[in-house]
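Asks: Structure below; questions to follow.
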Amino acid sequence: MAFLSIPSPRRWAALLSLSLGPILGAADATSNSAADYYVRDLPGLPKDGPNIKMHAGHIEVTPESHGNLFFWHFENQHIADKQRTVIWINGGPGCSSEDGAMMEIGPYRLKDKENLYYNNGSWGEFANLLFVDNPVGTGYSLVDTNAYVKELDEMADQFIQFLEKWFALFPQYDRDDIYIAGESYAGQHIPYIAKAILDRNKKNPSKAWNLQGLLIGNGWISPVDQYPAYISFAHEKGIIEKGSDNDKKLQSALRGCERVIASSPGRVDYGECEEILKNILELTRDGNKCINMYDVRLTDTYPSCGMNWPPDLEYLTPYLGRKDVVDALHVTSMKSTGWKECSGAVGGAFTARNSKPAVELLPDLLKEVPVLLFSGAEDFICNHLGTEELISKLEWNGGKGFEVTPGNWAPRRDWTFEGETAGFWQEARNLTYVLIYNSSHMVPFDLPRRSRDMLDRFMGVDISNIGGDPTDSRIDGEKGPETTVGGASNKTQSAAQDHQKQLDEAKWAAYQKSGEVVLVIVIIAAIAWGYFVWRERRKGAAYHALANHDNNSHSNGFRAKSQPGDLESAAFDESELDDLHGSTPATATSARFPVNRNDTREKFVTKYAEPSS
């Protein structure tokens, strides 16, 4: 028979302190700590243009190895029909998402090393933007050098830890429609993160995150389909002539690649297959000039071949290294190596030897989440032919590729933007593919407003309730819903609506938290009251027994029934940001990022790496 052990009255104060302290402390730390991330004055901000609220800093994900992910959050300019958040991650692996923030979809771009200007094509018009340097050690993120991430599952688990803590800090966003976007090797990251979110939601449906879509630009998704596309793309662009001696050399390299894949299937990358692109760049060099592998319309010095692109890198690296910028973004001094666009050490450690390629996750993801794959037509390294090939072979939601009925394929619908041919759209069974003409590996860098129009269409943005002048964007000549706006016509009213909705969301989150804390207080108070009554009655019974010990009258018995309460339930587990401690030694250059021995800079990365200075 089990008995409930009840503490003595003098221990109730201590029990209350121990039980409520972590809960109330976490709630207070969450609300107070959010202010610590507020970016009060980013150096070089333009005097004109919207005033955009920002938060930035580190969140610890692996305390045992001092692993922290750096984030930079920009609040949306307007709320259309609902609140949305786009999470952006760049590729590499090991390349910083500040590329996306400062050169692609963020609200500001660099005019020079000192000054910013407003990006009129920012994806933040109708969505909050959350940029994350992922995995640990990338960009401003940090970790001990012996604890770099090696596998995609490990990366996704750490990202979930980050999101749990981030939403605890900023609960006003945890009911947003969430979209995850990125490019290049993010074609591996994003499906794994999405799967981890969906798995989490199934385990805790009452606190599910509202994942509404994935966007992958020029992604490295399916090696078996994308390696051969190097040669196909070189033929299409006239870089390599079919049947030429150079073509024969490349075909021989491709056969070797295919033998390795056949003998060891299901890997994310193959060193032997990397040689195909490297050989194309070497065979087509003209003196010290070579093709820019991120934009074949351009050239670069050999062996960089695109690593000096885009030109904004000339300003970005020194800007993010400035002390006033580092301080404004709350970057810890423990990031001793400073900001670097791509980390060879992170990329070299991320072997993913036990991870299957993300293409194998897409069929199940497409059952639950819409996916948009978009390709810049002039990118070589993750070119559109490889993406189109993987789609044609992919089986999902009862069909194969874009075949809608036997022998009938979903049409490629012409897309025009402000009177110019922009590309085409193709979609079926929850998958959308967009080819964007006149654009590179980094589509939003080249065509920010078109890329935002693509985003708004995919998210189903409805601007009818805020006014403004929509762009002239048409699919097959039909304008359809007005999705993109250059600026709200009634900015005061729009800003007021935005602010009120933010307040409402924050209030709801606060009410929910307060209700949880009050519930715990009520439970503890009830237990205390019950214990008090039990003690008083027991004292009364003892008094009766002593006073009437010769009187054989009846005696009263008491049975305390109690159901133990979980005072530290997961419902209250919203832990504050752990303190940063420990430094991160400087990282070494990885063998996967070969260098010119006469030049200390990284010169060549694998097919999925982002450009580096």
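Every residue, even glycine, has its Cβ placed from backbone N, Cα and C.
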Asks: For the annotation region 'Disordered' in Swiss-Prot, which listed range does it cover: 47-75, 337-365, 569-597?
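Replies: Within the set 47-75, 337-365, 569-597, Swiss-Prot attaches region 'Disordered' to 569-597.
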Asks: Going by what Swiss-Prot says, which of N438, N598 is noted as N-linked glycosylation site?
Replies: N438
Asks: How many other Cβ atoms are found within 10 Å of the Cβ atom of N120 (N-linked glycosylation site), counting all protein chains shown?
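Replies: Other Cβ atoms within 10 Å of N120 (N-linked glycosylation site): 14.
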Asks: If you measure N430 (N-linked glycosylation site) to N438 (N-linked glycosylation site) at Cα, how many Å is it?
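Replies: Computed Cα spacing between N430 (N-linked glycosylation site) and N438 (N-linked glycosylation site) is 26 Å.
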Asks: Using Cβ atoms only, which residues of the same chain lie under 8 Å from N438 (N-linked glycosylation site) while being at least 6 residues apart in sequence?
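Replies: Those within reach of N438 (N-linked glycosylation site), by Cβ under 8 Å and sequence separation of 6 or more, are A377, E378, D446, L447.
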Asks: Measure the Cβ-based neighbour count of N430 (N-linked glycosylation site), defined as the other Cβ atoms within 10 Å of its Cβ.
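Replies: Summing over all protein chains shown, N430 (N-linked glycosylation site) has 16 other Cβ atoms within 10 Å.
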Asks: Work out the three-state DSSP category of N438 (N-linked glycosylation site).
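Replies: SS state of N438 (N-linked glycosylation site) = coil.
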